[in-house]
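Student: From TrEMBL, for reference:
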- 1-19: signal peptide (SIGNAL)
- 25-506: domain 'Carboxylesterase type B' (DOMAIN)
- 533-1035: domain 'Carboxylesterase type B' (DOMAIN)
- 717: active site, acyl-ester intermediate (ACT_SITE)
- 847: active site, charge relay system (ACT_SITE)
- 953: active site, charge relay system (ACT_SITE)
């Protein structure tokens, strides 16, 4: 029921998810509006994002009913616009989103969120199309129509219907009921009502039929749809309603006015807006006026924390104008609007409450040592309790099993939540409405994807049908299979025919319509795609995929090391060894503990210390014998990332090259790179994890068709630096034949540090968690400090590290001297102390621009001093220490704001990426190693980045791993050709030691006398010499190299 934020506080739904095509303009009675014409599933769809339907509810309009938006005076440009309510919360932290308007400015107030989005399919008949109006879920506390999950483009393209998504106020801002005209309650529902009126009055201009509107939503969005079915205020605004996993027939998601006033008063007291004499009950207008003066972030934060453990404190209320009587009573009395109804649930709704933290036995991390029955029940009970409005009800006794085993107990609580909040309210709603001679159809969604990463006991939990309803499986073959696509087609057909005709699927139902139809949507049979292999470590089960016309066997989550828990934390990894039974390697996706800045990228990935697993993609129909192996090491500044992220999927690369592809996780941040100069924490254990994974590959990859003598390691950013670490380290000698360093080497100064630096930072973290003081620290008593640190929760250590060492993004880095790196890597390379290996190294043409991506295009409103401060602020976290003296050289050439931005971009590009690449390439070539370098300067025509950014850091990763070959929605045919070029270069380098260019064009070798690189940009592949070398001479002198 929660929102999905992106990059800490950014929630995005933009046309970029489908690519930029043609601008299109519509004339409405409110003014001209410009949108984007997309091509989705072969059909043109017009997309309009962020259209205001109400005045911004700010200042004196906070807590009051919405007022219609006024006509705009200029043509609105809505390709980029998105927003979400400032009351949205995630794990107790309020967040907001900024949006870009016609002028490219960034307003700071996200209370201005009352916008809607429209997707209008083209190639229709002249008739206006039925309309599907989506109301997002999130427990009336979270969410936004701007989430990519709710992008209506695929649904519009597939059905030919007009799709609308709308925002509404949430939490205390949307549902505080003070029983006064200044805060009459349910203004979030009134926002929805206003949006439905906008649809009635304006949707005809977008090809929709205002007389054929179906409202649909999931979770609290479905409860909202049910509210409009009940409320007299919404009569006549829609024809049909689809309620997915939510109705107001239960008692868990609405409350009395007095309950809302009491909670509101608690917030007001905490903010100094209420006391014994002036409070929500004695003088509500004064209290509300005071609350209007408060920062909405603070209101949202308090609302999400002060009522813990409850996670949905502010809910729809009665009695008031929107709900004259209790909703359940209104339904019982038949006091609701005439509407056909389509109502459904997932088969295991309540399992969602036990998802976080998640493990096979739903045991919190702090109980890994074993749980008693009482502790287990307490853990489960705590999570289910948070979802309930009050306490457990007496029927709970009927769900608790007499036998005291954890699985039965867990199922009892899951079923209790499922029945009380979802299944039974669905049945009661369907029975009452069907008894009043309205058509009602019900379903249970029980499908479970074979690519699901959830443990089997969770079944199909709450919210799992949303992606299928919006057609995600039809356009995302990486996360869904053909079976999932079929299920999505079934769901979409059911919803669209219901919206068009009032029946679920008239072709299947025949002439008579049964009042209540149970449609159980599942596809558990057929589409056999499992593959089982007998290896020297044991039997293993994976997936057989079909990609680019080639069968590829995929194995995910193979353990290569023992879980680094408890006493093994901070220590070098230990081999996992053989496993018992058949290892299920079909869907396990983990990430080592880290602060997740982009939850969308980790939506199906489990954060856990038990993360040392690897993945293998083995193409079938090989030429015979074993083939070369490509081993990917993910980036993320040694602090973030996982091999389980979609961006690291190796299946396309394996299918296109015919080579075996592998990837693996390694420990990150404090847990992976604390160096205490002590055997129990010797430093670089993250790199030692990688070393052990490479040892595993050497010993076992032949079982998957790979040749252990022809291994090429490659990685991007910190992954490229890791690759260079193995080239330098004596411990990795003989584990690979070739290496490809993408945007990262250890020849610079910002991603390597002496052990003493690591000890100093480790002490700061240890002191923050009460494991060190002035007398006992990592220098005086490392054994004591490390033992204490091992007793702490991993997530707490990650959080504290992020806080204590802020604003630095990458606080813990590879260290020297130690077993892995006996000396400073730069000195080792200079002295020729590295392993023999052919080398391929490259950069993107504008690496440093990635740190400045939050800057606006137009810098005219900045004075130079303010711009310089902003540039310092944005780049400083990327550096190990402070800015160096060479910055003056860059600034001296910056005569205006654009040049100053470029100066800082080049400073970061040169110092961290370009010059270290040159220095590394020159030293290796001086030792008679074959070295080939490239500069990736391609920019996609569908690139959503501003032109000044060029081709920033990591922009080449998707091309190297083949994403443009299978994602025509986000990439062009030109992008696909560039991806083919990159893949061919990498695969021929891995196979022969020499990268190949199109048309057998030779790839020149890099030498210290001929610093030549291949420049890749679209169809233009040229040689470029001395790329940025003028500034590299400045750095060489400064670093005394």
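Each Cβ is built from the backbone N, Cα and C atoms, and glycine gets one as well.
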Student: For residue 953 (active site, charge relay system) and residue 847 (active site, charge relay system), determine the Cα separation and express it in whole Å.
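Tutor: Here the two Cα atoms are 4 Å apart.
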Student: Using C-alpha atoms only, work out the spacing between residue 717 (active site, acyl-ester intermediate) and residue 847 (active site, charge relay system) and round it to an integer in Å.
Tutor: 10
Student: For residue 847 (active site, charge relay system), just count the other CB atoms lying within 10 A of its CB, please.
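Tutor: So the number of other Cβ atoms within 10 Å of residue 847 (active site, charge relay system) is 28.
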Student: Over all shown protein chains, what is the count of other CB atoms within 10 A of the CB belonging to residue 717 (active site, acyl-ester intermediate)?
Tutor: 26
Student: Tell me the Cβ neighbour count for residue 953 (active site, charge relay system), meaning other Cβ atoms within 10 Å of its Cβ, over all protein chains shown.
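Tutor: The answer is 25.
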